[in-house]
Amino acid sequence: MFLFWNQFEEEEQHPNFWYVKGKEALHTSLSMKPNLHRAKNLILFLGDGMGISTVTAARIMKGQMEGKTGEESVLAMDTFPHLALSKTYNVDQQMPDSAATATAYHCGVKANYGTLGLSAAARRKDCSSVKGNEVKSILHQAKMAGNGREDQIPGQQYMFPNETVDPEYSTFTGSRQDKTNLVDVWLRSKNCGLFLLLRSGLFEPKDTRYELERDPSMDPSLTEMVEKAIKILRKNSKGFYLFVEDKIDHGHHAGQAKYALTEAVEFDRAIARAAELTSELDTLSVVTADHSHVFSFGGYSYRGVSYSKAEDGKSFTNALYGNGPGYQIANGTRPDMNATSSSSDEYLQQAAVPLDSETHGSEDVAIFAKGPMAHLFHGVQEQSYIPHAMAYAACIEPYTDCQLENYGVCTKFSLAVLLLSLLSSLTTLM
């Protein structure tokens, strides 16, 4: 890493380097104009457990994977012009879970911890309170408007009856007790093109493999799945709604930052690929997280270096967890580490409090947005605001009266005005 440090130190120690960067950023800011058109397509990228510390660390990892120190790197989501903070708490709990947060960012309603698709009036341990408290998602609203499909695709274990043996893993069977083969149901009711999209959720019995463990000859990457999904969905002339989620969360729960951060880097690659396949003129893209984790990184290290020395004379990785399986203090002392041991894929970052699984965090997470009406994402917002802003941008329920013009309509109008102006000028000259 230090081979690259001299290069960056040489140019960055001159004030002109920062003046140029500052002027370029200022010019970009002054050139920004809100896109007031109606969004034809909506894409929501959900980095599961992607707190702000994870975003920053993923940016550095991306750069280091490219042979740089990392801090100067730029993520695809970094280039989104509009930014907000999302308050992730649940109605009844400070630290949120993935079910209640999903209810917030999909349905526009905050919910109780551990409940999905239900308002907070539905109590967690009282099944009788469920009926009448269901809430609808923006996926449902998009489907009703003809802009998308409502298919949420689980792992293949949940698609087959419990007596059906997994075709790839003979020790696994399906888990459905209703004897229903959902793949057959989908094939009977959908076209084959959608089954290609459905297959993206059927590569493993439960969750897809970590990017670090994925076999490219057998399983597609998240980027490849996003590419396939967009190529299928964009055939719909009315537009589409696409929801993309990754598994950063799993790496953090395991206390293994390398797994979490490589997932985040792959997640960002998928965001970049989606940008290549869509137009910012008619596609609203939003990147956010359901919650954070108690993951932090710091210390007195140089750029590009991942560990520091503590007062006990031992080294520690800059990436640490507030709690989790990485708790390693025995007899009042903790183990030493070095760059070799900490670079292992299986390395457990040290944690302050012992738990078998690291927990979610309670702080705000970021919302990145670009495209039509992306400027609606600003300031500090409740997490439940996200689907409201997206629904308004697309003029779907409950905002069908948004009165936003399609980009194509406005373009044709502007072209007609231009032609009329040219004809008028020619007439005057003649």
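Using N, Cα and C of the backbone, Cβ positions are placed for all residues, glycine too.
Now, the feature entries from TrEMBL:
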- Asp48, Asp249, His253, Asp290, His291, His360: Zn(2+) binding site (BINDING)
- Asp48, Glu245: Mg(2+) binding site (BINDING)
- Ser98: active site, phosphoserine intermediate (ACT_SITE)
Integer Cα-Cα distance in angstrom, Asp290 (Zn(2+) binding site) to Ser98 (active site, phosphoserine intermediate): 6
Lowest local Cβ density among Asp48, Glu245, Asp249, Asp290, which the record lists as binding-site residues, within 10 Å: Glu245
Glu245 (Mg(2+) binding site) versus His291 (Zn(2+) binding site) - Cα distance in angstrom: 13
Fewest other Cβ within 10 angstroms of its own Cβ, chosen from the binding-site residues His253, His291: His253
Alpha-carbon spacing, Asp48 (Zn(2+) binding site) to Glu245 (Mg(2+) binding site), which is rounded to whole Å: 7
Rounded Cα-Cα span from the residue listed as 'active site, phosphoserine intermediate' to Asp249 (Zn(2+) binding site), Å: 10
All-chain count of other Cβ atoms within 10 Å of the residue listed as 'active site, phosphoserine intermediate': 17
Cα-to-Cα gap, His253 (Zn(2+) binding site) vs Ser98 (active site, phosphoserine intermediate), nearest whole Å: 13
Cβ packing number for His360 (Zn(2+) binding site), 10 Å threshold: 20
Whole-number Å value for how far His360 (Zn(2+) binding site) lies from Ser98 (active site, phosphoserine intermediate) (Cα to Cα): 9
